[in-house]
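Below: one structure, written as structure tokens.
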Amino acid sequence: MRRSNKKSFDWYGTKQQFSIRKYHFGAASVLLGVSLVLGAGAQVVKADETVASSEPTIASSVAPASTEAVAEEAEKTNAENTSAVATTSTEVEKAKAVLEQVTSESPLLAGLGQKELAKTEDATLAKAIEDAQTKLAAAKAILADSEATVEQVEAQVAAVKVANEALGNELQKYTVDGLLTAALDTVAPDTTASTLKVGDGEGTLLDSTTTATPSMAEPNGAAIAPHTLRTQDGIKATSEPNWYTFESYDLYSYNKNMASSTYKGAEVDAYIRYSLDNDSSTTAVLAELVSRTTGDVLEKYTIEPGESVTFSHPTKVNANNSNITVTYDTSLASANTPGALKFSANDDVYSTIIVPAYQINTTRYVTESGKVLATYGLQTIAGQVVTPSSVRVFTGYDYVATTTKAVQGPYPKGTVYLAGTVQKDTVQYKVIREIVENDQAVLKFYYLDPTYKGEVDWRGTDTTGFIELLTTSPTTYKVGTIYDYNINSKITAPFTIDPTKNVMVFKESEQNEQGSKYRVIAQWSGDETTKGIYGKIYIATQVWTTKLGTNEWGWFDYSDDQAGIKFNNKGFWPAGVQNTLRNATPATAVETTYIYKESSKYGDVIVEYYDTDGKQIVNSVVDTPKSALGTEYNTDVDRRPASLVAADGTVYFYKEVKSDSAKTTGTVVAGTTTVKYVYEKAGSVNVNFVDINGKVIKAPVSDEKDAKPGYNYDTDLDQKLASITFEGKEYKLVPAGDYPVGKVGKGNNLIEVGNNTAKGIDPTTGKIEAGVNKEVTYVYRAVTGSVVVNYKDTEGNVIKDPETDVSDAPVGDAYTTTDKKPNEIITKDGSRYVLVPSKTDGEENGKVIEGTITVTYVYQKVANWIPEIPNVPETDRPKVPYPFDPTEPDEPIDPTTPGTNGEVPNIPYVPGYTPVDPKDNTPLKPIDPNDPGKGYVPPTPENPGVDTPIPYVPVKKVVTNHVDEEGNPIAPQEEGTKPNKSIPGYEFTGKTVTDEDGNTTHIYKKTPEVKNGTVVVNYVTEDGTVIKEPVTDTPTSPEGTPYDTTDNKPKTITFKGEEYELVRVDGTENGKVVEGETVVTYVYRKVETPAKKVVTNHVDEEGNPVAPQEEGTKPNKSIPGYEFTGKTVTDEDGNTTHIYKKTPAKKVVTNHVDEEGNPIAPQEDGTTPKRQISGYEYVRTVVDEEGNTTHIYRKLSNKPTTPEKETPAKPQAGKTASGKAQLPNTGEASSVAGALGTAMLVATLAFARKRRRNED
């Protein structure tokens, strides 16, 4: 089942109420303008339903096999249905038109500024004028450039607007009666933010030569119609105070959809209206849903840009109705609109209305030559009907005529942009809107060529692949009507007429694989509601296919389907769209211009100002405005100031009346009398201050600035400085002479240029010259000083030549002499001097002053000890420096203090001599009493500056003697002092004697005589063969020393692979050493080794035997209580050991039975002993192979007997049913079997030990 659709597209339905925004309009804003939105007023009806509507309708048949028509949702409008404005190939020209507009304002603003500068000095205003003129020059260059791009033009538009705004802001300071003295002649209304409320006006008199009656402060009839309403029944303006209704929407298509079978709702008898308030600085919109019947406001919201609100009243009318959402869409904002209001429900956009801008509607009063006399601006909302300010009387002018002109709409004339597209099955076309006048537009329809196979632009204005179908007549809003409809009947594309259906037939497609094709058709479909047949056009397609159920081919369209004629879908399907060709855009405002001509009964006097080159330097001023002929004037009194300041800031002084000037005094004549004055540029004198190299040491100063030519100046009197401090240094004027900077004259000023760092060589006195900026330069040199360092001893004697630390340094420079302060000085004669810091004279650190600073370092002469070493020439004798302490220069020298080398001074040791104190020949003390070779402690010098000789005296010869206790010499005497030593036959007693002469005697005693002996052990066989090397058991030892050779007595010895065993000992194994050698001989016999036997052992995991050892190699076997682990070990002798583990214990019981096996007592768990049972006597105990115990009893006879005394018997093996021997189980931890096992293990070990003993 296919659906049949009818949808509404209003190609003119988007209201456009913008205008150019002064200072804020350019080509860029054109590109950002908002196009109309498709789907405005979309509706859904049944396929066979005819809707009488002023809205456009799209009819589309898409049902291939069924006659049932199904209502469909209204078409959704999205970003793909809208398009930004696209410019044509003339976009550069359009942009230049905007640039011409904004540049036309620049001269007017600059002229006003010049007039103010002629009366007062204002540097800020002068700078703003200069900037505006600079930007104007650059803009004119772009206007003249035939190859300029849109981007370049737009950049100039922006630059000029910024400059003009800045200049306009400066001019606000200069007003007359609170009004600016000029207004701009612009083509478009001013949408610049204003403080005026909607309906308020403001007048400006531009021509200062005239007066206006009524005053420009009066509205003079200027007014607005506050609301912009359609002439539809029931639609009224808002009643909210200070709000103005600018548009409404009648909910027509929304209601048709809600009442359709799709929604099953109901129509809402209301309309929505939108209003702006009277504050032009705001953009909030009041949205009101209003009852058509009562006029009551059903629901309302104030919407800020970017917000959305929801109206819920429709659901109160019928629950199936959709809520209405109104979105203030700022994505559509531009310089001429804050955005658009989108009316939607369920994402279907039914209406899009652009919010108008606030704008100034200007009435102009101009002359026939185009000169603007005055303007009156009225604050409006774009689209409001304006009553202009009426004709006024201007002195000296006569009214001629009135003209009106529509204000530019949202886009400038020539703008082209995509209005919308239709892509329904085989119906494929686009609509492009072109602005042909400020208040007029046309629609151009292009259908897609059915044979075109290339790329298609559905989002822009590129018509490649399209064929132009028609262009509508220019449509606009006419006061008193609702819509303006198309009246153009011309079809652009080639077509033929199908007389059977009275439709125009256009191009057809190629056949597809099924033999089907389609062709484009159209039909004028307007009526009285569209003001004629050409107010609506039906654009559709027919398909070439077969009639359903037959092979009959033919052309079929949507109307056939609706008439019940069914046909096959062979790849193409027909569709159709009704297009209402109307303009729903109200006209933009109209501005009025009154034209005047000059009256011959009046005249005026203006004054112009020129420089000496004949160039006008400031704008003309009006001396006498339009006045009756014969009125007296005198410009010398009123309009000849002593000086003027040009727009570029140049100062001029009056010089004379220009040769072609009118008289400066007289009476007014018809027309304009022009008086011309000549002014000459002011002159200046600047003073510079540099050093001899040309470096600036003080900022230049102005001695005379913008002074009148001919005026005397004297910089020596006013600016010459004797000294200057710069960067902490003092500078003074230099005398006349040549310097790097150049030649300096007697006035201390530069008169010839040197190194080109300074070039001001004008004289220091003279006269101001017109247009000349004189430069005087004074030359300075830094004031200098020197620092000298002297070196003297404590007596004031010079010990070293003076040194210059700094020479000719600028005063104030830092200096330090510490780098020229040696701690020691050695003079040419070899004398040593040590610095005494406390006696330094002068400041070591400081700043240079003019003159010479002297710093004197004082040194102490430091002498030496001179050791007079015997046999050494006097010139070669060493010198031992005094350890002088410069921090304590007045303290005696301490000879034990380390010197400058860090060592304590000492007098050298000379063998055979002793150094003595020269004062009293007292021997000096050795530094180390035990080692005089380390030197001697020097004596304390009496004068640190005088050498102290150290004499050496010979010392007496000493000897060393070695004697026994009786004093007899036992070794030769030795010279010097020698230590004791080893002497054969003697030992040192520890006594040494030294006499007063230093002779040493060591005392010894005789060593006692000792007899020694040794003990040797031999190893031989019975026949005396040595089978082992002899061993010294006891080396040489004193007689009587105990010895024992058993530690050297092996039981066996292996010799040449055969084993020998000890059989006897010859000699004494234990005893005492005697003089000489004691011999002990061990005698051995060869061992005959029998063949080894192997055995098999059975042990548990701990190595304990669990069965008797067996000779030979036996396999593992079953052992009660144990199980084989699977492990068998064979040692190096071939013995085998099987390893077992204990079998887990099972639960056992104890039974008590008679000899027939009958129980005579209860069975007991575990192994329990026999017990006394009445009437029975114990016989024996049997333990089965499971470990269960059975005690057997014999029944007693009635005959009493005397019990026999039991005799303990050795345990015997009980008999079991199987006849196997069974060990009794006593229930104890160590059973008999365990004891037997232990005994067997002990026996085995004993046997093993005995075997090894035998082997030994």
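Each residue, glycine too, has its Cβ placed from N, Cα and C.
These figures come from a predicted structure and were not determined experimentally.
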Inset, instruction - Identify the region 'Disordered' range according to Swiss-Prot, selecting from 967-994, 1163-1190. - result: 967-994
Legend entry - Matching range for Swiss-Prot feature annotation, motif 'LPXTG sorting signal', among 198-202, 488-492, 1223-1227: 1223-1227
Inset, instruction - Run through the region 'Disordered' (967-994) and tell me, per DSSP, how many residues are helix, strand and coil. - result: 0 helix, 17 strand, 11 coil
Legend entry - Local confidence of the prediction over the repeat 'Large' (1089-1142), expressed as mean pLDDT: 90
Legend entry - DSSP residue counts for the compositional bias 'Polar residues' (1033-1045), split into helix, strand and coil: 0 helix, 9 strand, 4 coil
Legend entry - Per-state residue totals over the region 'Disordered' (873-949) - DSSP helix, strand, coil: 6 helix, 12 strand, 59 coil
Legend entry - DSSP residue counts for the repeat 'Large' (1143-1195), split into helix, strand and coil: 0 helix, 28 strand, 25 coil
Inset, instruction - Pull the DSSP breakdown for the region 'Disordered' (1102-1137) and write it out as helix, strand, coil residue counts. - result: 0 helix, 19 strand, 17 coil
